[in-house]
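In what follows, a structure is listed as structure tokens, so that the remarks can point back to it.
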Amino acid sequence: MHAHVILAAGQGTRMRSRLPKVLHPLLGKPMLLYALEAALALKPERLVVVVGHGGEKVVEALEGYPVEVAWQKEQLGTAHALLQAEGLLRDFPGPFLVTQGDTPLLSPRTLEALLRRVREGAGMALLTAELPDPTGYGRILREGEEVLGNVEEKDAPPEVRAIREVNAGAYAFDGFLFQALKEVRNENAAREYYLPDLVAIYRAHGRRVLAVRGVAEEALGVNTREELARVEGVLLRRLRAEWMGKGVRMILPETIYLEPSVELAPDVTLWPGAVLKGKTRIGEGCEVGPYAVLEDTVLEPGAKVLAHTVAQGAHLHPGASAGPFARLRPGAVLMEEVHVGNFVEVKNSLLHKGVKAGHLAYLGDAEVGEGTNIGAGVITANYDGKRKHKTEIGKKAFIGSNSVLVAPVRVGDRALVGAGSVITQDVPEGALAVARERQKNLEGYALRKLGEG
């Protein structure tokens with residue numbers, strides 16, 4: 001049994017953003033949720049998030065999670081922020097885990113190691129890491145496992161700044177925590193109450209303070225846009241490695257972007273520059289071409305999305321293909337063996353088995369029957385300026401190039417629409433519809449006009 005407190009009240013001025021720092025996205029998900037999910041993995045008895053700057057937005061992001069919220073009205077430092085949780089946890093005996101909302105790389109295993117030290121008798125345990133460049137972090141003074149002190153960088157003399165072992169911002173405490181917090185003073189350059197000052201307070205009360213050396217990567221926090229990009233790179237590298245370990249082929253993996261919510265099956269091939277977002281799900285043997293973008297899109301086994309195609313909220317069934325340079329908008333459903341080619345846009349439309357739309361077409365609010373061919377330049381004119389209307393095309397029909405089908409309209413099974421037609425009435429099954437002016441040839445006119453006759 002333990003309680004976990006996540007500190008998420010900081011303003012994040014160096015981000016230069018109106019968005020609270022902990023809500024900046026990492027791989028499509030707010031930074032804070034990484035810290036929250038690591039905390040939940042250890043099944044805490046109580047989970048408190050301390051919010052402050054932009055707190056209303058932060059609380060909104062926490063909706064649906066089993067958390068309690070404490071407020072820090074004034075930004076007076078990390079110790080002051082943690083003290084705001086006392087009202088919720090006053091009767092909780094401990095131990096307590098404390099982490100930061102802007103440190104998203106911490107693993108449950110590392111947090112468990114901190115907690116274990118307190119359960120084994122330490123009063124306080126803090127996570128440390130050795131960084132090649134420790135700029136911006138508090139430095140650790142220690143003797144063996146025992147921590148002698150923790151000095152904030154802004155208050156550190158040069159010889160202490162030279163130390164590369166830093167405070168990674170994660171702690172475990174025994175039940176003495178809130179009593180100790182009330183002894184923290186703000187006698188420092190920033191006039192703030194620092195959480196690391198608890199090291200000296202715990203030691204003064206005869207309680208052991210231990211360091212747990214962690215992986216340097218996990219200590220990375222986010223205070224600037226550059227650090228945000230660095231942390232996102234770490235998360236991406238981990239995610240790519242995980243999927244390649246499960247049988248996904250990535251060609252030039254360092255160029256591929258994907259989010260944790262994406263699901264991939266074995267033998268999927270991702271070409272350079274592929275972007276996979278949201279609830280995208282890709283089945284076995286599928287291929288995603290160079291610089292294709294898929295968001296909330298499903299590819300059933302064997303489907304292909306070719307280069308530079310953008311798909312949002314689409315569903316491709318086995319053997320279907322789209323691209324290159326196709327656009328599939330929400331509600332686009334391509335059944336088995338459908339092919340949508342270059343510069344074809346499909347929106348809120350069902351294309352039945354074997355439909356071909358090779359190039360330069362727009363299919364919106366349409367249903368196209370099995371085996372039908374859509375010629376180049378075909379448009380379903382679905383919008384009359386006020387409402388959207390449906391176009392229905394039957395099985396094995398042929399829609400000639402550069403035709404416009406003005407909805408609402410139906411073209412029957414095995415019907416033909418002549419090239420260049422504007423269809424405003426239903427076309428019966430098996431009929432030929434031609435809606436254009438009859439061609440006239442004026443003999444000799446061109447030669448006379450050009451003066452060569």
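Keep in mind that glycine also has a Cβ here, set from the backbone N, Cα and C atoms.
The active site, proton acceptor annotation in Swiss-Prot covers His359. Within 10 Å of the C-beta of His359 (active site, proton acceptor) there are 17 other C-beta atoms, taking all protein chains into account.
The annotation UDP-N-acetyl-alpha-D-glucosamine binding site is assigned in Swiss-Prot to 7-10, Lys21, Gln72, 77-78, Gly138, Glu152, Asn167, Asn223, Arg329, Lys347, Tyr362, Asn373. Less than 8 angstroms from the CB of Arg329 (UDP-N-acetyl-alpha-D-glucosamine binding site) sit Gln312, Gly313, Ala314, Glu345, Val346, Lys347, Asn348, each of them six or more residues away in the same chain.
The Cβ neighbour count for Asp102 (Mg(2+) binding site), using a 10 Å radius and every protein chain shown, is 26. For Asp102, Asn223, the entry in Swiss-Prot reads Mg(2+) binding site.
Positions annotated as acetyl-CoA binding site by Swiss-Prot, on the basis of sequence analysis: Ala376, Asn382, Tyr383, Ser401, Ala419, Arg436. Taking all protein chains in view, 16 other C-beta atoms sit within 10 angstroms of the C-beta of Ala419 (acetyl-CoA binding site).
Feature annotation from Swiss-Prot assigns region 'Pyrophosphorylase' to 1-225.
Marked as region 'Linker' by Swiss-Prot on the basis of sequence analysis: 226-246. Residues 15, 24, 26-27, 31, 34, 104-105, 217, 220, 253-254, 256-258, 260, 264, 266 of the same chain lie 6 or more positions beyond the ends of the region 'Linker' (226-246) yet place their CB under 8 Å from a CB of it.
The predicted model assigns the region 'N-acetyltransferase' (247-453) a mean pLDDT of 97. Here Swiss-Prot flags 247-453 as region 'N-acetyltransferase'.
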Exercise for the section: For Leu7 (UDP-N-acetyl-alpha-D-glucosamine binding site), identify the closest of the recorded positions Asp102, His359, Ala376, Tyr383, Arg436, judging by Cα separation. Expected result: Asp102
Exercise for the section: With DSSP as the yardstick, break the region 'Linker' (226-246) down into helix, strand and coil residue counts. Expected result: 20 helix, 0 strand, 1 coil
Practice task
Quick one: of Ala9, Lys21, Asn167, His359, Ala376, Ala419, which recorded positions lie within 10 angstroms of Asn223 (Mg(2+) binding site), measuring between C-alpha atoms? Sequence order, please.
Solution key: Lys21
Problem - Length of the line joining the Cα atoms of Ser401 (acetyl-CoA binding site) and Ala9 (UDP-N-acetyl-alpha-D-glucosamine binding site), in Å - result: 60
Exercise for the section: Going by Cα-Cα distance, pick out whichever of the recorded positions Lys21, Asp102, His359 is nearest to Arg436 (acetyl-CoA binding site). Expected result: His359
Handout entry: binding-site residues (Asn167, Asn382), the one with most neighbouring Cβ atoms at 10 Å
Key = Asn167
Practice task
Please state how far apart, in Å and to a whole number, the two most distant Cα atoms are among Ala376, Asn382, Tyr383, Ser401, Ala419, Arg436, the recorded acetyl-CoA-binding residues.
Solution key: 22
